[in-house]
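Report on the structure given below.
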Amino acid sequence: MKMNNLRVVIITGLSGSGKSTALRALEDIGFYCVDNMPVVLLPQFLEIQSDKSKDISQVAMVMDLREKSFIETYKGIFEQIKARGYKIEIVFLYATDDALLHRFSETRRVHPLSSVSIMEGIRLEREQLRALEEMADKVIDTTSCNVHQLKDIVQRHFLPSSTARRLFIHLISFGYRYGLPADADLVLDVRFLPNPYWVESLKSFNGHHQDVRRYVLSAEASSIFLQKLFDLMEFLIPLYEKEGKPRITIAVGCTGGKHRSVVMANELWSYFSGRDYPVNVNHRDVGKS
């Protein structure tokens, strides 16, 4: 059986145990996340991600009793997925009855088994999910956890020890003609660099091509810019980490998002990955004409 490289994490557990917080923690370290994914759609979803989204290497989703058929179908679906070569990691969250009751009282949320009292719903849900808890690869007791502590536990588990608790860095290359990325924390304009678009032999290639990369980096302005940029990152990133910021998005833009911004975003990726930061890069406009 051929193994699939897509990393699949299923977050499940008792209502009120912190599943949404755990999902956000994984999103902050680069997982593609989906809340309340119907389990019957999981095989199709994973096939689409494997075939069409090569930039996505890890996905996480919350599945629980909000889906009425979950209990009857999850075991067969999980076995089907594993038979196709996917490795599923199940994270099960729980807390004591008193802690869950207190959280429901604080938030005034309705328990999914709302036809009974909250306490009876907690008891029934715990009973129905017992077999799933026994299947789990990681079981987390959130009774004494606040939001920040739970996020830390989840991220420590899924990040290598060298990157745990480090700021996650998301890089985007883009073209100004298509608009700025809405979620950018820092925007770097590299339109001052020599443009391969005006070189006939380079025009049709993008910033991943070695000839384009060499052309852009051969400019004196490029080497000076990168050195000053790396100095800035060395100053800024530890300060963001000290403030507890979990994630930063750095956007690098040129005119069309095909040449200069791609080269510079890749250089930044090499810089951060070489220092063991969790980092990914998305070349938003590289395929546009």
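Backbone N, Cα and C define each Cβ position, glycine as well.
Given the structure is predicted, the values throughout are model-derived calculations rather than measurements.
For SER20 (ATP binding site), the Cβ neighbour count at a 10 Å cut-off comes to 14, with all displayed protein chains included. The secondary structure of SER20 (ATP binding site), as reduced to three states from DSSP, is helical. Annotation comment: Swiss-Prot describes GLY13, LEU14, SER15, GLY16, SER17, GLY18, LYS19, SER20 as ATP binding site, evidence class sequence analysis.
Annotation note: ARG66 (GTP binding site) sits in a coil segment as assigned by DSSP. Residues near ARG66 (GTP binding site) in space but far in sequence (CB under 8 A, at least 6 apart, same chain), listed by position: ASN36, PRO112. The annotation GTP binding site is assigned in Swiss-Prot to ASP64, LEU65, ARG66, GLU67 on the grounds of sequence analysis.
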Environment of ASP64, LEU65, ARG66, GLU67, the listed GTP site - residues of the same chain whose CB lies within 8 A of the CB centroid:
ASN36, MET63, LYS68, PHE70, PRO112
Integer Cα-Cα distance in angstrom, LEU65 (GTP binding site) to GLY13 (ATP binding site):
9
Starting from the Cα of ASP64 (GTP binding site), work out which of the binding-site residues (LEU14, GLY16, GLY18, SER20) are within 10 Å.
LEU14
